[in-house]
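Per TrEMBL, these features apply:
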type     : residues  : note
TRANSMEM : B:6-31    : transmembrane segment
TRANSMEM : B:38-58   : transmembrane segment
TRANSMEM : B:64-85   : transmembrane segment
TRANSMEM : B:97-116  : transmembrane segment
TRANSMEM : B:140-160 : transmembrane segment
TRANSMEM : B:191-212 : transmembrane segment
TRANSMEM : B:224-250 : transmembrane segment
TRANSMEM : B:262-279 : transmembrane segment
Amino acid sequence: MVKIVHGAIRAGAALVALAIALPAFAQETVKIGAVYPLSGNSASTGNYAKMAFEMGADIINNGNPELAKIFPLAKGGGLPGLKGAKIQMVIADNQGTPAAGQNQTLRLITEEKVAALICCYQSGITLTASAVAERYGVPFLNAESVAANLTERGFKWFFRTTPVAADFAKAYSTFLKEQQAAGRKVDSIALVHENTEYGNSVSSVISDAFKKDGLNITMNVAYSANSTDVQPQVLQLKEKNPDVVIFVSYTSDAILYAKTMKEVNWKPAILIADDGGFNDPAFTKAMGSVTEGLISRSVFAPGKPGSVPAILDALYKKKTGGDGLDDVSARVLQGFFVVADAINRAGSTDPAKIRDALKATDLKPDQLVAGYDGVKFDDKGQNVLASTLVTQLRNSQYVSVWPKARATDPLVLPYKGW
Amino acid sequence: MGMTLVQVVVSGLLLGAVYSLFSSGLTLIWGMMNVVNFAHGDFVMLGMYTAVVVWTALGGGPWASVPVAAILIATLGIVSYFLLVRHIMRGPMLAQILGTFGLALFLRYGALWIFGANFKTLPDDLVGHSFIVGGIRFEGARVLAGLVGLAVTLLLHFILTRTSVGSRMLAVSEDAVAAQLMGIRPQRMQALAWGLAGAATGIAGALIATFFYTSPTVGETLSIVAFVTVALGGFGSVLGALVAGLLIGVIESLSAFLIGPVYKDVIVYTVFVLVLWFRPQGLMGKA
Amino acid sequence: MNARRLIQLALLVAVLIYPFLTLESPVYQRLGALVLLAAIGASAWNIVGGYAGQVSVGHAVFFGIGAYSAVVAFVHADLPPIVGAPLGMLLSVGVAAVIGVPTLRLSGHYFSMATIAVGELVRVLSSTSDWLGGAQGLGGPAMPRTVFDLSFMSAMPYYYIFLAVLAFLLGMTWWIERGRMGFYLRAIKDSERAARSLGVSAGRYKLYAYMLSAAFTSLAGSLYLCMFGFIDPESGFGILLSVKMVVMAALGGAGQLFGPLVGALILVPVEELSNSLLGGEGAGITFVVYGAIIVIIARFLPAGLLSLFERRPTAEKPAVSTANPASGHAD
């Protein structure tokens with residue numbers, strides 16, 4: 001009897017010892033944790049994010065001469081503020097579920113001892129995972145969840161670099177108002193959105209903003225993203241024939257809509273697709289030829305040769321085997337650079353120092369890969385300089401067309417399609 | 001409105017024919033062996049990837065990918081039978097859920113491992129463009145899938161009811177011990193059923209890939225539809241699956257058009273539960 | 001004391017002191033709590049799915065009701081989430097009656113398919129309700145206000161709460177198993193027709209089992225919400241959740257007292273540890289391993305892991321004896 005109990009305790013102790021021993025060697029590296037959907041329905045996005053992280057760490061650890069001219073951290077040899085400590089990304093899979101997101105966040109904090117976390121793509125998972133980081137007092141940066149309530153919880157360790165849904169809605173509404181002033185018809189607007197978290201939250205913010213700005217949403221269609229057939233909805237659109245259609249979709253449904261609109265042979269004068277699936281490289285590759293002139297939003301536009309986004313875009317293409325940076329991967333990469341910059345300025349892996357450094361973050365637009373006006377956090381941790389570009393699909397490539405100050409190409413309307 | 005409504009019904013019928021196509025394999029083994037294959041959707045998914053690979057590696061359209069997928073998935077079916085299904089049939093009914101669900105995860109994430117998470121699509125015009133008859137637009141790929149769906153379903157029905165192999169298979173499904181006494185080898189018949197079901201499923205996958213996106217998790221989306229189709233039609237009734245598939249397709253299309261796409265699933269499931277309330281054995285199942 | 005007793009006692013002690021053995025590793029401590037939580041859900045399912053043989057693949061409905069009741073108590077009434085637990089259990093019993101009366105008449109797979117359909121129906125409807133937070137879901141208290149919010153940094157309190165609930169549930173199941181109801185349920189499972197002909201009111205007892213099972217599944221949902229602090233339609237009502245309850249119970253041994261616990265003891269660590277070790281690679285190797293383990297166990301022990309300890313190995317049965325779809329299922 002005593003023997004067995006002893007055995008059990010010894011086995012438990014061994015497990016504990018193993019758990020403690022793992023992070024012990026990590027002295028000359030700084031660990032940054034990332035919890036992304038590497039399996040499940042958003043696996044495609046998560047794996048692009050993973051490549052962005054790996055590329056970012058590689059740039060800081062091994063340098064890139066071209067980038068180093070404008071971007072000090074790209075000189076190579078790790079983080080100068082920490083005597084050249086290298087960055088090690090510890091990437092975990094949240095499996096697209098809040099439970100796995102929370103479990104993995106806990107593991108990265110307590111076992112991998114990460115200095116900071118970048119997490120989690122889906123708003124619901126960000127919500128649950130950040131609660132763990134808050135309790136353990138680990139800086140937590142979110143680079144792409146757009147739900148407004150995330151920064152309203154009074155958290156002290158939470159930072160967010162991305163613009164939120166309200167910013168996108170404002171951009172669309174201002175953009176459409178300008179088109180109206182230029183003499184285009186925007187009297188009837190159809191809002192077609194998938195009915196999980198992403199589509200519902202973004203579309204409700206868009207309806208609110210449009211109502212306030214006097215834009216008339218005449219049709220509001222919710223559908224489930226895993227639909228096997230969208231022909232009825234497209235036929236409905238064809239019958240009502242709105243001037244403007246706004247899609248809020250994931251990749252699979254974006255592909256179906258693009259195919260079906262061509263099948264049914266109907267297109268509106270202005271077709272806007274809110275990021276999401278329409279910005280997935282899988283979509284632009286497969287459907288770009290039948291969605292010429294599609295308008296979307298993105299924080300990313302390659303810009304002039306020699307600029308930070310252009311260089312990183314080229315590197316990313318090499319990394320992925322052809323796919324350039326898009327809205328999500330650019331926001332992820334930006335989030336990573338913000339964290340790396342803060343750790344470097346903190347000169348320490350002490351969480352409180354990193355948090356203070358994050359609070360003091362002040363990045364200028366020309367150093368950013370994302371098209372923000374800068375990065376600067378308010379008291380709630382929201383980046384007040386986050387903004388978005390309106391882009392248009394030209395030969396299966398998104399180019400920036402609005403606002404004028406940031407446009408690289410002229411806007412072409414009406415929507416051409418195929 | 002009138003013409004659009006006809007168009008909606010036509011698209012529903014075509015969708016329904018596809019539903020019956022990918023459900024016929026499920027209903028066959030369900031009826032033959034009282035085995036629910038939770039990996040069925042993933043068999044369809046592998047059929048779809050076969051079409052994608054045949055196209056990207058060899059440039060072959062459906063004429064090449066359909067036979068390849070039929071052979072591959074039939075083989076997968078027979079292998080699954082001998083390595084797994086044969087053994088779990090010894091256990092309680094729950095063992096089927098356990099075993100085939102494990103198989104489903106294995107295949108789904110095996111595909112993710114091999115093919116990556118990205119969505120793949122075949123070129124639009126692989127099966128030719130859409131055409132218009134009497135003001136109604138028909139999409140080439142869906143018409144082909146629908147017609148083949150009808151043909152495969154009827155062929156399976158013919159094999160089961162009009163051939164001696166079919167009657168031996170049905171004898172095994174009625175009473176395996178008695179069939180064995182008559183000199184029929186139950187395991188051979190059951191393996192044959194898995195092979196036939198696999199072939200039908202592979203064909204379905206290869207055809208669906210011509211107008212639908214392919215991804216590792218697509219089977220999840222399709223398998224619930226297949227379950228509902230089969231149960232609504234009645235387990236083991238191939239014709240039942242055909243009728244149920246068409247019915248579900250039309251209900252989905254009409255309710256998406258008239259009420260709103262979010263509610264189409266609600267309506268399908270409600271109809272399904274109501275039908276079972278009045279006919280607990282499904283539309284065409286044996287009482 | 002004989003050897004069997006010794007092993008049992010050692011296991012009991014190990015279970016009781018586990019959180020202290022893992023004090024230094026919050027991840028393993030939490031893993032213990034997760035195993036127990038999964039075991040509560042699967043053991044609750046076991047009452048109707050295992051003992052009564054009515055394979056529900058829609059039990060997430062009750063899990064979701066429990067989780068949403070708890071979060072609604074917080075969001076709409078500003079109460080600690082756990083206050084919603086008893087309400088959720090009551091509601092689940094009511095919903096179980098509404099679902100059970102029409103569907104429990106169905107035999108075999110038809111019942112399973114009907115419960116899948118009802119589960120999906122509830123999931124879709126819940127995502128259209130703004131009051132329930134729609135598809136975005138609802139969050140519990142961001143930070144605990146009082147201890148009654150049951151929101152702890154350490155997993156230890158959860159471990160003991162879950163352990164107490166599981167002990168109560170298993171104790172009750174054991175009591176039922178021994179009593180008249182257990183006898184009736186086994187009779188119904190073996191042959192409903194025979195049970196009826198012996199005067200057992202099969203419909204009524206199946207419904208009782210279903211409602212009891214629903215109540216405890218709902219409690220598992222409420223506890224989940226307290227621990228994770230967030231619920232959305234997919235993690236509350238998703239079909240994967242329903243399937244996992246079935247798989248866990250079947251893997252250990254359905255219709256046996258400790259079957260679901262054994263299943264949870266295998267599957268939860270396999271899932272968590274393989275995700276920790278392999279998940280970061282991407283490519284879903286986690287689930288390839290997870291799926292393969294399930295397949296192998298199903299292949300060699302189709303009646304579950306506990307069948308290893310049974311006197312009569314199940315493999316003696318001929319391969320074809322269960323091939324008759326009509327046997328024992330006809331209503």
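The backbone N, Cα and C atoms fix where each Cβ goes, glycine too.
Simply put, out of B:6-31, B:38-58, B:140-160, B:224-250, B:262-279, B:38-58 has the most Cβ pairs sitting under 8 Å from the transmembrane segment (B:97-116). The transmembrane segment (B:140-160) makes contact with the transmembrane segment (B:6-31), as judged by at least three Cβ pairs under 8 Å among residues 6 or more apart in sequence. Beyond its flanks by at least six residues, the transmembrane segment (B:38-58) meets 22, 25-26, 64-66, 68-69, 72-73, 76-77, 80, 96-97, 100-101, 103-104, 107-108, 111, 115, 120, 122-123, 126, 198, 201-210, 212, 214, 216, 218-224, 226 of its own chain at Cβ-Cβ distances under 8 Å. By number of Cβ pairs under 8 Å, the transmembrane segment (B:6-31) is matched best by B:224-250 from the list B:64-85, B:191-212, B:224-250.
For the transmembrane segment (B:224-250), the list of distant contacts is 9, 12-24, 26-28, 30-32, 34, 36, 40-41, 44, 149-150, 153-154, 156-157, 160, 173, 268-269, 272, 275-276, 281-286: same-chain residues at least six beyond its ends, Cβ to Cβ under 8 Å.
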